[in-house]
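Annotated in TrEMBL:
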BINDING   B:ALA10, B:GLY11, B:LEU12, B:GLY13, B:THR14, B:VAL15, B:GLY16, B:ALA17  NADP(+) binding site
BINDING   B:LYS107  NADPH binding site
BINDING   B:GLU192  L-homoserine binding site
ACT_SITE  B:LYS207  active site, proton donor
DOMAIN    B:350-428  domain 'ACT'
There are 2 protein chains.
Amino acid sequence: MAQPLRLGIAGLGTVGAGVVQILRKQAAMLEARTGRQLVISAVSARSRTKDRGVNLSSYAWEDDPVALAKRDDVDVFVELMGGEDGPAKAATEAAIALGKDVVTANKAMLAMHGQSLAEAAEAQNCVIKYEAAVAGGIPVVKALGEGLAGNEITRVMGVMNGTCNYILTQMEATGQGYNALFAEADKLGYLEADPNLDVGGIDAGHKLAILSSLSFGTQVNFDGIELEGIQRVTLDDITAAADMGYKIKLLGVAQMTGRGLEQRMQPCLVPATSPLGQLEGGTNMVVLEGDAVGQIVLRGAGAGAGPTASAVLSDICDVARGYRSPVFGQPAETLKVATPALSQRPAAYYLRLSLKDKPGALAKVATVLGEAGVSIDRMRQYGHEDDSAPVLIVTHKTTRADIDHALDAFESTSVMAGDPVALRIEEV
Amino acid sequence: MAQPLRLGIAGLGTVGAGVVQILRKQAAMLEARTGRQLVISAVSARSRTKDRGVNLSSYAWEDDPVALAKRDDVDVFVELMGGEDGPAKAATEAAIALGKDVVTANKAMLAMHGQSLAEAAEAQNCVIKYEAAVAGGIPVVKALGEGLAGNEITRVMGVMNGTCNYILTQMEATGQGYNALFAEADKLGYLEADPNLDVGGIDAGHKLAILSSLSFGTQVNFDGIELEGIQRVTLDDITAAADMGYKIKLLGVAQMTGRGLEQRMQPCLVPATSPLGQLEGGTNMVVLEGDAVGQIVLRGAGAGAGPTASAVLSDICDVARGYRSPVFGQPAETLKVATPALSQRPAAYYLRLSLKDKPGALAKVATVLGEAGVSIDRMRQYGHEDDSAPVLIVTHKTTRADIDHALDAFESTSVMAGDPVALRIEEV
């Protein structure tokens, strides 16, 4: 039997407490599966006295996570504090400097500093594992980096923020607007301390940046993501999209193209009958596409103590088994700097226009679209509301530039009763 | 840079040829990802002259797979011949005897001889990897054995035979009967040489037996599976189930219960709106449930050269990276012999009865069910056809024994115009 693997756990929120709980409750099972005892040497958190529903008395306590990371009786530093900089990063770097392996759930830290951390870790022959950083309990980092290792990845997509998906699906289910559902999500404790991390798409963007790097052998580049949150998605659009057979999702898409690496996190339409379209509430879904495997869809809880702890345990078990590989699937020094694609691949678009109730308005719209080179696949006009008439259009495949030309041109017509809306329809 | 990993590939059907193709085309990518060159030393197949669309001239040829497995220049024996006994097993055993690792896609061999092969391999410090043996390209062996290693697995379910799912979904889509669709599947080349492997549920049962072992720490036990194929599923049942909001799937379920290990592979009803219910055509889906992670759903191509080769490559890359663990997730000598559960957990059942057109028939049915302790959740009676009237019943949760009592009792009434049908409704 190999030596016990000694863990130092920093951060004892619901996830940290969940990890401690599993390590205690399932000690025999984990030892059978990894061939080693998994023991907690020490823990660290902000408050020593808080009741976390789990007995911590047999572990050493460190107020300072950096001191925890440096302890001689810690082989693996388990970082569950969060935050892209500050103590999480300082402690992670301290662990690596001493040649210790790191398990983390910290998507922000990896999205912002993944390359430098990976370089430091690999120089020290350490591993950094982060299954919990992406899509909670879904073992997507493993699926992508190992399960599909024989594939050239062609596209990665995902609904990876449960709060946004909850708000969007509840808008449709209840007929309430964005603000009401945002308030409800807040009341239910679904929002991060800075809600913009959720609804602004930043949290999901962090996850996408990590998956991109794993998929395409590129340095993680969060700033290269075209990012748009769900704050401007209206009930009108959700209803209208449903009427045309679509759902609106905050969808992340990463794809390597001849024009560079395309990374987008934005509200998109997807067919209502597709797996992504059918995803309701806080559940996450990741779609992986490879040249050999075709399309793999993974679905599960994207957050919560149990699912996230499950992912952390998966990494700890891998370390215990001696599974060692480069942080982003190939040596950090070989990861390319990807040029962000300056334009999105062509797609069909959904347009919602509000036209003034006057003769020739619809003809004017058609003319503008035609002049912009945008051709119409389907159009629906609804009964007049007050003095305006809503018009829904699904275009044939076109470029975002042509759509933007059309939107500009609409403004200089006299037939628009409100701002036009244009959303990409992703082929899934 | 580590030494090259030298492969011997036995079996050059579409999967074997696909593996060779990926190893040739993606050599640089695979080396970047594993840190080692992956080289093919030798290959073996039945016919040396057959054109497989891939250049084999630079590899040594062996007519005998056992000789291939024994070659000094082969580190990993890649077994893609199939068949539970015969050359596949002989060559696998020969490889293990010489301390070589094995990658195989052979579900039958593992389902029937998994325990003895695992014991032999572990005695020799060899690994046997078999991602391709279960659900084709879906990395489910990895997800279960590694990704959910921190979980006590509570249930595993899956639609794991694409041919059966194709036949069942096409029956509903086209209104054709089982025999017509069986013939079509045959014409399309979807059936194994022995079609009973597919439609009899044996192939899917092999996969379930493997997942059970990984899930519950038990010795693989194919014979412990309650097995029923799709041959007796009628168009009437598919239509009636759809009418009640269900789909009929050949569903594998494994669950550890207080009464022992329950392993079933049988036609079941699942809600039409569930991920399993929505699965169409040849696609596979596996549902993994763990105490921490909740429910994880994995979906993808269950067969075909590309997806299966993708899974084989995943295993080869794991071996190249030095990922070594026991064959069934914990040492073979610690795997328990599971007592098969003698009865299935209670469930709701779907009943389709054909009643004679005479007064009191329906009352008689209700009486029989009541006397058997089966209570009715929903019932639908349809217009008379000829001299009989179809009646559909969804029961409340009950035992199979009570259902069987009721079915027996129906026979001794005088109101049945045909054999009653009873199918389990699985909660998913």
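Just so you know, glycine gets a Cβ as well, placed from its N, Cα and C.
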Inter-residue C-alpha distance, B:VAL15 (NADP(+) binding site) and B:LYS107 (NADPH binding site) (nearest angstrom): 14
Cα-to-Cα gap, B:THR14 (NADP(+) binding site) vs the residue listed as 'active site, proton donor', nearest whole Å: 20
Near-site residues: NADP(+), ref B:ALA10, B:GLY11, B:LEU12, B:GLY13, B:THR14, B:VAL15, B:GLY16, B:ALA17, CB cutoff 8 A to centroid: B:ILE9, B:GLY18, B:VAL19, B:VAL20, B:ALA45, B:ARG52, B:LEU80, B:MET81
B:ALA10 (NADP(+) binding site) - helix vs strand vs coil (DSSP): strand
Which of B:ALA10, B:ALA17, all binding-site residues, has a Cβ with the fewest other Cβ atoms inside 10 Å: B:ALA17
For B:LEU12 (NADP(+) binding site), the number of other Cβ atoms found within 10 Å of its own Cβ: 23
Fewest-neighbour residue among binding-site residues, criterion Cβ within 10 Å, set B:GLY11, B:GLY13, B:GLY16: B:GLY13
Top Cα neighbour of B:GLY13 (NADP(+) binding site) in the set of recorded positions B:LYS107, B:GLU192, B:LYS207: B:GLU192
Cβ-Cβ distance under 8 Å to the residue listed as 'active site, proton donor', same chain, at least six residues away: B:LYS107, B:ALA111, B:ALA133, B:VAL134, B:ALA135, B:GLY158, B:MET160, B:GLY252
Cβ contacts of the residue listed as 'L-homoserine binding site' (under 8 Å, same chain, 6 or more positions away): B:THR163, B:ASP198, B:ASP203
B:VAL15 (NADP(+) binding site), number of other Cβ atoms within 10 Å: 25
Binding-site residues listed as B:THR14, B:LYS107, least Cβ neighbours within 10 Å: B:THR14
Model confidence over the domain 'ACT' (B:350-428) (mean pLDDT, whole number): 92
